[in-house]
Structure formats: C-alpha cells, structure tokens
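J.: Sharing a structure, written as structure tokens. Questions coming.
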Amino acid sequence: MIDTYDSSKIKILRGLDAVRKRPGMYIGDTDDGSGLHHMVFEIVDNSIDEALAGFCKEIKVVIHSDNSVSIKDDGRGIPTDIHPEEKISAAEVIMTVLHSGGKFDNASYKISGGLHGVGISVVNALSEKLELIIYKNKKKYRQQYKNGNPESPLCIIGATEITGTYIRFWPSYKIFTNKTQFQYEILSKRLRELSFLNSNILIHLKDNRTNLEEKYHYKGGIKAFIKFLNKNKFPINLNIFYFRCIKNQIELEIAIQWNNSHQENILCFTNNIPQKDGGTHLSGFRAGITRTLNLHIEREGYNKKNKTIITGEDTREGLTAIISIKIPDPKFSSQTKDKLVSSEVKSVIESLINENLIEYLLENPIDAKFIIQKIINSAKIREAARRAREINKKKGTLDLGTLPGKLSDCQENDPKLSEIYLVEGDSAGGSAKQGRNRKNQAILPLKGKILNVQKTKFDKIILSQELTSLITALGCSITKSEYSLDKLRYNHIIIMTDADVDGAHIRTLLLTFFYRQLPELIKKGYVYIAQPPLYKVKKGKQEKYIKNDEEMNKYQIKIALKEIVIKNKKNENCNKIIKEFQKIVSDFNHIQIKMKKNKNYFPELILNELIYHPRLYNLKNENVVQNWIEKLVEKLNKKDKNNTIYTSKIKRNENDSIFEPSIKLSRYANHTQYDLKNDFLESKEYFLITNLGEKFKKFQENENFIEKGEKIYKINDIKNTLEWLIKETKRGFFVQRYKGLGEMNPDQLWNTTMNPETRNMLQVTIKDAISANNLFNTLMGDLVEPRRKFIQKNALKAENIDI
C-alpha cells in the first residue's frame with residue numbers, strides 16, 4: 001500500500017536542524033574525515049579574515065587529549081551586544097542562525113573567505129558540545145552550547161586586557177561515525193599554507209595527545225612557499241617569477257618556478273581558501289602561461305630549427321606555482337569552496353600573466369633561456385614517446401588491448417569487486433596464483449626492482465617492460481591524452497612484497513610510480529599494501545601467525561606471564577604479587593609503545609633509565625638540573641654496550657626562566673641530541689614513566705623471585721626480567737620469521753594475506769600532500785646530500801635492518 005502524499009508529508013527543518021539532517025551540504029563528507037577537519041578550518045578561516053582586516057596577529061590551535069579542538073585568536077572578538085532584531089547577543093546569533101555574520105555588507109570585512117554566514121553555526125550544529133569565550137570591551141564573556149543549542153545566555157565571567165575569540169568544540173559522534181580522530185598532519189598542512197599566504201601572522205599548532213607542536217611564521221610569503229615546495233629539486237630559473245597587482249578589484253599574487261621534475265604542482269587560493277578542484281583562476285593561469293611562452297618562443301626564434309609544437313602540458317612540466325587571489329565577492333561551486341566559478345577572474349588573470357611574464361622573460365634572459373630549453377626538451381620527449389608508442393603498437397609489443405602474458409586475470413568484470421595483487425618475484429607470484437580466489441583476484445608478478453620514476457623521463461617509463469605490463473594490466477593508461485579512470489580494471493590495487501629491505505625498496509618504487517604517474521588512484525583510496533605475517537609461532541600442533549614485531553612482543557609477554565609463580569621472603573599472597581607484577585609489565589610495555597609513536601621518542605636505554613631515575617621537579621634550579629642529568633648520563637655510559645657515548649648539557653629557556661637538560665648520543669659518525677624539554681617533563685608520559693619506577697621500587701623492596709618451570713630469577717629490573725621470561729617461554733616454541741613470500745605455500749598465503757575475512761591491509765592515503773612530495777623528492781630524487789642528511793637523522797631510529 002502506497003502512503004498518501006499530502007501536506008502532512010512536507011517537513012520544515014528550522015534553525016540548525018537542516019545542517020544536522022544533511023551535514024554533507026555544508027561541511028563536506030562526514031565519513032572520510034574531510035568534513036571533520038573542515039570544522040576546524042571554518043573557525044580558523046574566521047580568524048584569518050580578522051587578520052586580513054588588520055586586527056589579528058596570532059592564532060593558536062590545540063588538539064586536546066579528549067579529541068576536542070580549540071582555536072584562539074587575538075582579533076577584535078565576536079560582537080557581544082544585543083542584536084536589534086533577534087533580541088539576543090550578536091554572538092548567539094552568529095552561533096545559532098544560518099546565514100548570519102558580518103561579511104555581507106563589505107563594511108566590516110572588505111575581503112573574506114566566509115561568504116554564506118554558515119561556517120561557525122554549522123560547526124556548532126555538528127558539535128556535541130561547544131565552548132565560546134570572547135575577550136572584548138575589557139570583559140571576558142562565556143557561553144556554552146550543547147548540540148547547537150545555548151545552555152544559558154552569554155555572560156560576563158571576568159575582566160581582561162586582551163581582545164580575541166576562543167572556541168573549543170567536541171564533534172558529535174552521531175554525525176561523524178566513521179573517522180572520528182583529528183589528524184595532526186591534515187591540520188598542519190592547512191595551517192602551514194595559511195602562514196605562507198599571510199606572512200605577518202604567527203600560527204601555533206599543538207597536539208596534547210602526542211606532545212607534537214609546531215609554530216608557523218614564514219617570512220617571504222608565497223615566494224618562500226615556492227622554495228618550500230621545490231625543496232630538494234634542481235630549480236631551472238633561479239629568480240622566482242613573482243608579481244602582485246590589482247585589476248578590476250581583483251588582487252592577484254602569483255609565484256612560479258620551474259624545476260627538473262616532470263610533474264606540475266599548482267596550488268590555487270581565493271581569499272586564503274584552497275581550491276583543490278581549481279576553477280576560473282586556474283583556467284586563466286594556464287591559458288596565460290601557454291599563450292605567453294609560445295609567443296616568446298616564436299618572437300625570439302628558439303624553435304626555428306625543429307618547429308616542435310609546444311602544448312600547454314609542455315609549458316607546465318616541472319612547474320611549481322602559487323595562485324592567490326583576493327576578491328570582494330567570490331563565487332564557488334559549493335559551501336566547501338573547492339572550485340572558483342567567478343567568470344570575471346579568468347580574463348583578468350590571463351592578461352596580467354601575459355604582461356608580467358613577458359617583462360620577466362626579457363629582464364631575466366638567462367632564466368628565460370633555461371625555461372624555454374626545458375619546455376622545448378619536454379615537447380621533444382613527448383613527441384619521441386608518442387612515436388615510440390606508435391612503433392611498439394605496430395610491432396604488437398605495446399598493444400593496450402592485449403593483457404600482459406604474466407597477468408593471471410580474474411573472472412569478475414566489475415572494477416569495484418576486482419582486486420589485483422602486485423607480487424614481488426615469480427616464486428611468490430606462483431604461490432599467489434594457486435592460493436587466490438580466481439573469481440575476483442588477479443595476480444601480476446613483478447620481476448626485480450622497477451624503474452625509479454622520480455628521476456626517469458616519460459619515454460623511458462613507457463619502454464620499461466615491468467611498468468608497461470603494470471600500466472596495461474590496470475587499463476587506465478598514464479598519458480594525459482589517453483588516461484581515463486573509467487577504464488581502470490581494478491578498484492583494489494594491492495602491493496604485496498617481502499618483509500625484508502629489498503621488499504621495502506620495491507614497495508617504495510611502486511608507491512613512487514603511483515604517486516607520480518597515477519596520483520588519482522591514491523586519492524580515490526584504490527591502492528593498498530598487503531600485510532603478510534612476519535612470524536609463525538608453533539607449539540605442539542597449534543600454529544599462530546603474527547603480523548609484526550609489536551604484535552609479536554605483545555604475544556610473547558602474554559604467554560610469558562602465564563603459569564608463573566612469584567615468591568618473596570615475607571611469603572606474601574602469590575596471586576596478589578603476580579597481579580602487581582603483571583600490571584607493572586603491562587604499564588612498561590604500554591609506555592614503550594606510546595613513546596615510540598610519540599615525537600618525544602627516546603632510545604630504549606634512555607627510556608629504561610628514566611624509569612629508575614628520580615623524577616625531576618625543579619627546573620628553575622640550575623644545580624638541581626645539572627646534577628640530575630649528569631647522574632643519568634653516568635648510568636647510561638655504564639650500561640650501554642653498543643659503543644655509544646652519552647654526554648649532557650643544559651640550556652636556559654628564557655621564556656619560562658627554567659633550565660632544560662639534553663642528552664647527546666655519539667655513535668661512529670652519527671650524533672643525535674635528545675632534548676628533555678619542559679613540555680615532556682610535565683607530560684602525562686613522563687609521569688607514567690616515573691610512577692612506574694616508584695611502583696617497581698616498592699615491589700623490589702620485598703626481594704621477589706620469579707619461578708618459571710624449574711628455574712628461578714630474582715626480579716631486579718623490569719626489562720631484564722621480561723627478557724628472561726620470554727627466553728624461557730620460547731623453549732617450548734618454534735618461531736619462524738618469514739623473510740620472503742615465497743617461503744609460504746599457497747594455503748598459508750591465502751589464509752594470512754589474501755582471504756578478505758582474515759587478512760590485514762593498509763590503505764595508502766596522503767594526509768599532507770606537500771610533506772609527501774618533499775619526502776619522495778628526498779628519498780627518490782637526484783640530490784644525494786638531502787638523502788644523506790635524512791638517513792643520518794633517522795639512523796638511530798631504524799629497526800629490523802638486514803645485515
């Protein structure tokens with residue numbers, strides 16, 4: 001029976017109900033984490049608008065330990081007086097009424113990123129709780145909200161000499177149900193961008209969960225941004241092309257530098273808001289660059305001999321550019337402002353590019369010559385690659401209609417249901433072929449190390465047999481003229497390599513290929529890394545597969561603590577003592593794992609000694625700090641067995657009038673310094689470490705002995721006791737460490753790595769594209785010195801090195 005469709009079925013969503021009902025319209029995707037982080041950006045953008053108006057110099061963003069986020073600025077502060085129409089405070093209007101704000105009349109803000117008056121009210125609507133504090137008129141105001149509704153009117157809670165706004169919000173987990181944790185890297189990327197775009201603002205970011213903290217204050221504006229993006233690349237034009245001017249109320253700022261890479265990297269911003277999908281400013285930029293450079297090449301006769309046709313792609317190969325426009329009333333395709341659609345922008349940018357770039361090329365003839373040479377060379381390589389493809393197609397060696405012979409394809413035709421495993425080596429490929437589900441799992445074995453595409457020209461890439469097989473198997477092509485995501489044959493591309501150094505290298509080469517040649521596959525979430533087990537543990541007829549060292553450590557501790565007996569001279573309750581010891585071991589392991597994931601990670605020996613070393617309370621007394629660190633270093637030098645020399649020093653922190661100790665490790669040619677800063681010494685982690693030491697000291701006073709089977713061990717150190725227990729436990733176990741996938745038979749490979757019900761896979765994502773770009777340049781690029789420095793800096797953190 002069909003329900004009657006009449007006026008009773010028409011629902012009116014009032015106030016913020018519409019936001020809660022359809023949050024994606026206002027904030028973006030609430031499942032993939034982008035909408036969650038957009039909440040922070042909406043508030044930060046308001047602070048930036050205050051800066052653009054000349055009233056804000058400092059912004060502080062904090063991720064709190066309960067996963068709430070606070071944003072504080074020193075702007076004018078949200079208005080607190082009573083709104084003449086709504087009869088409530090202006091602050092409450094802004095927080096609870098859609099399309100309210102001070103950016104509609106262009107009087108309070110000439111330029112702003114906020115346009116629709118929905119940003120902060122949307123954040124409030126999608127928050128379980130929100131706290132608002134305003135510093136204004138020498139008064140401190142406060143108001144709290146629950147699910148978008150005020151719990152009480154705005155009230156004065158004290159006096160103040162500062163101005164600004166503080167907002168702390170707790171996202172509603174009824175709205176954000178999938179990805180609920182704020183990612184430091186995503187926030188860091190955006191705040192770094194804002195610092196480059198607004199070089200007069202100091203921006204702080206702190207994560208109380210991990211003690212990560214950064215300050216962003218880049219002088220040099222977008223020219224400094226270009227240098228940051230081109231880090232570890234060879235610049236083609238040493239003098240960055242830069243101009244800033246205003247035309248038809250459009251303020252345009254552009255910086256460009258070409259480099260020796262093969263990828264273009266253009267970032268677009270409107271009123272400081274990024275447009276990941278570009279828009280009319282990007283269209284105008286591309287048209288202006290292509291037209292101007294072709295005109296200059298023709299006028300100066302650079303291309304007389306070869307008459308090579310120059311395309312837009314050729315002019316932009318290796319180009320890094322920042323386009324930043326400021327416009328009074330920009331038009332975007334949606335509330336998330338991912339694409340600019342203001343039609344008047346395109347022609348203005350195109351004409352300004354033409355005027356300023358011609359002037360730059362004439363005033364910088366050496367830079368101009370190198371730029372044009374690169375462009376012509378790119379065009380020649382493109383033509384050579386096209387001819388090579390045509391020849392190979394005629395020969396049948398690159399027939400994109402024919403799948404590579406080594407591919408064992410699946411029966412499924414729907415890409416959403418299909419998987420392809422890129423397997424290291426023919427041996428593992430054979431096992432994978434036998435163990436797979438033929439219905440939807442394809443196998444492509446890759447022989448040896450593929451080309452490093454970071455420093456390989458395109459014509460060489462398409463002639464590489466392994467890469468050609470991979471490109472053909474995927475079906476979507478990598479050439480810009482032929483690339484089509486609709487032709488992709490698999491939506492699950494799984495990299496499966498050995499757990500050794502060679503496997504890690506091959507995995508990195510494949511990730512470099514996808515990042516540089518098929519970045520959209522990573523953005524769409526199609527690329528995965530298989531997690532084959534590192535260990536097989538066998539006791540009698542029982543077998544268990546363990547995926548990594550951390551899990552192996554947990555498993556060993558769990559088994560080691562079983563069937564133990566603890567005795568002491570007082571003959572106290574054995575079960576009670578065992579529980580105490582198990583808690584100490586559990587806390588010890590928890591601290592080690594937590595510290596390794598923390599920015600304040602110290603080497604194991606330092607961490608262990610901090611447990612037994614007295615807690616450092618008084619950082620204001622230089623002698624106390626000096627004595628404390630010297631005694632710690634003395635212990636470290638006595639206990640170290642790895643030829644490491646430990647030295648200490650203390651440094652005065654002028655801001656807080658305290659003394660902070662540090663430890664320097666010297667091993668062979670490597671020197672690493674670990675600072676024990678006030679943030680760490682007052683952190684939860686340091687309290688846990690020293691508290692564990694105090695617990696163990698009391699436990700140790702009773703002279704406890706541990707029995708495992710027929711053996712007895714005196715408990716005098718947590719780490720050594722645990723190692724002894726694990727060693728004794730291993731006697732009844734057979735532990736196999738898999739170095740290669742080929743060591744597994746087909747059934748084992750299926751059960752551990754390929755069965756969707758039991759396998760573990762890592763989805764490849766990019767939280768911070770700029771940092772990812774710099775990392776690929778460092779590790780896979782031509783420059784040796786940055787790579788050497790990176791290795792030296794991280795050498796002491798390396799684990800599981802094959803020797």
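Even glycines carry a Cβ here, placed using N, Cα and C.
The domain 'Toprim' annotation in Swiss-Prot covers 418-533. Residues or ranges marked as Mg(2+) 1 binding site by Swiss-Prot: GLU424, ASP498. The site 'Interaction with DNA' annotation in Swiss-Prot covers LYS449, ASN452 and is backed by sequence analysis. Sequence annotations record features per position, and here Swiss-Prot assigns Mg(2+) 2 binding site to ASP498, ASP500.
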J.: In the predicted model, what is the mean pLDDT computed over the domain 'Toprim' (418-533)?
T.: 85
J.: Just how many other Cβ atoms lie inside 10 Å of the Cβ on LYS449 (site 'Interaction with DNA')?
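T.: The answer is 14.
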J.: Of LYS449, ASN452, ASP500, which recorded positions come within 10 Å of GLU424 (Mg(2+) 1 binding site), going by C-alpha to C-alpha distance?
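T.: Checking each Cα against GLU424 (Mg(2+) 1 binding site), the hits are LYS449.
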J.: For LYS449 (site 'Interaction with DNA') and ASP498 (Mg(2+) 1 binding site), what Cα-Cα distance in Å is obtained after rounding to a whole number?
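T.: The separation of the Cα atoms works out to 12 Å.
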J.: Helix, strand, coil: count each for the residues of the domain 'Toprim' (418-533), based on DSSP.
T.: 52 helix, 21 strand, 43 coil
J.: Measuring Cα to Cα, tell me the gap between ASP500 (Mg(2+) 2 binding site) and ASN452 (site 'Interaction with DNA') in whole angstrom.
T.: 19
J.: Distance check, please: Cα of ASP498 (Mg(2+) 1 binding site) against Cα of ASN452 (site 'Interaction with DNA'), rounded to an integer number of angstrom.
T.: 19
J.: Which of GLU424, ASP498, ASP500 has the fewest nearby Cβ atoms, counting only those within 10 Å, among these binding-site residues?
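T.: ASP500, out of the binding-site residues GLU424, ASP498, ASP500, has the fewest neighbouring Cβ atoms within 10 Å.
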J.: Across all the protein chains here, work out how many other Cβ atoms are within 10 Å of the Cβ of ASN452 (site 'Interaction with DNA').
T.: 16
